[in-house]
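Right, one structure below, let's go through it.
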4 protein chains.
Amino acid sequence: MVHATSPLLLLLLSLALVAPSLSARKCSLSGKWANDLGSNMTIEDVNENGEFYGTYDTAVADYPQNIKESPLLGFRQNRARKPTFGFTVRWKFSESTTVFVGQCFTDRSGKEVLKTTWLQRFPIENTDDDWKATRASSNFYTRLRTEEE
Amino acid sequence: MVHATSPLLLLLLSLALVAPSLSARKCSLSGKWANDLGSNMTIEDVNENGEFYGTYDTAVADYPQNIKESPLLGFRQNRARKPTFGFTVRWKFSESTTVFVGQCFTDRSGKEVLKTTWLQRFPIENTDDDWKATRASSNFYTRLRTEEE
Amino acid sequence: MVHATSPLLLLLLSLALVAPSLSARKCSLSGKWANDLGSNMTIEDVNENGEFYGTYDTAVADYPQNIKESPLLGFRQNRARKPTFGFTVRWKFSESTTVFVGQCFTDRSGKEVLKTTWLQRFPIENTDDDWKATRASSNFYTRLRTEEE
Amino acid sequence: MVHATSPLLLLLLSLALVAPSLSARKCSLSGKWANDLGSNMTIEDVNENGEFYGTYDTAVADYPQNIKESPLLGFRQNRARKPTFGFTVRWKFSESTTVFVGQCFTDRSGKEVLKTTWLQRFPIENTDDDWKATRASSNFYTRLRTEEE
């Protein structure tokens, strides 16, 4: 009978309605991002293992005239709504490699930001020069809105 | 006639003989490695794009009893004999992520070493706590010889 | 006679007038600064060896209720108009130590900013735990204007 | 009477005898140290505020022919037997500045080691280049025994 609708059932129904919007608020890495230096990156879909591919188009380099879009590859943690992630960029215009590690945040207004810290490794001739091979810094990224959106 | 053998030809012949051993000395990431903390990792074949997969079995963690072997994924530069590389580890027993960046060296005796620097990112609840989210350190790895080898 | 005033002399005169304001634009560390987290620091006069003292009043800590103003001590390079500098903070409410390294900038409008990167070291019980002892991050500081100014 | 000597008194006497050697095992920064790169440093007495001066004689530099002994200045935490510390080196042959942070360890055999992580800041012309201004690495130091000792 209709009036037998239990409080439990109502709760489950409510959750079913609410869950999509909650899950929609999980911070998503996929899409186009721009950082505070004017560099852009595009991250493709994250698969069920947390693996993702993308491309990095840096605005800054030791020899800016050589810059080429470069591939990136990384992992995102799966469970958290504000997941940590990491990725490697193999520069196509340099023998160096950069790794980024960070976390994806969505604030109450829905604004997304990626906070990252990175290390760039330069090739050196022998291990005695290892002390000078690594740069460190931080960047943050906000979602790049395209005109169609 | 014997005396017609030019010095140039001899040089080319020598190079042809020497080249394979030189190229064999290109530092290879693939295989099993152990670091100075007792952590092990296995890196599978590096493909033609410089991409590689592997597994990381850490000896150290904030909660060592939880340690599980975890996947890694990264890029190696292709051209250099002592290539730089980077990879991401998605810890299966933690919501943190670690990125390593480094370089592969082979010394004259053929001994291989990976010199790396890493960043570990912990999830934080909001961006105000970003200042405390990232650990940094260095490790080196030597090739782990199995008994069969 | 007036028309004997050479263009060179005029140039020299102009430089003499301009130079003090140019040299006044050397970025000065001394004073009160606030960073992007709400932490404040006061740097006292830098002596002729580039040495300076000050106090750091952090807005963030692992146990914020314990926060106490803490002393800082460092060196600034002397020659450049945008000098690099470094300092150590001995936290009075923690057994950790933090070092900051950075550079002092003045933009054309006279706005000053300190760009810094820092490392925080936590005491660990033995060297096996060294891998987890160091945090890294970045902060920038702008000059804190007091009401009297 | 002699046989009234209490066990408590004996304990206190033992502690009085043992305490100096225990306190002697507090890791001391003062003295001459050498690191894994062949760089040497001398740290003078640490005062009651934890403040210390010293000199750094690096074995490595971007332009090794320019190397000059350079002053260092820092703080050590006071209470712990394995204190954390930090210091700044103002290079006399470069406009860069380096900060070290670390911890002083004494193992059971009395062997002392300083584990450090450092950041080196290079002057850049404007804040757009801030991303490339900072190097990071690690070093450890062992006490340098002079022949007289």
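For all residues, glycine too, the Cβ spot is worked out from N, Cα and C.
The disulfide bond feature in TrEMBL is assigned to B:CYS27-B:CYS104. B:CYS104 (disulfide bond) has a Cβ environment of 23 other Cβ atoms inside 10 Å. In this structure, B:CYS104 (disulfide bond) is part of a beta strand by DSSP.
The signal peptide feature in TrEMBL is assigned to B:1-23.
For B:CYS27 (disulfide bond), the count of additional Cβ atoms within 10 Å of its Cβ stands at 18 [all protein chains shown]. DSSP assigns B:CYS27 (disulfide bond) to coil, not to a helix or a strand.
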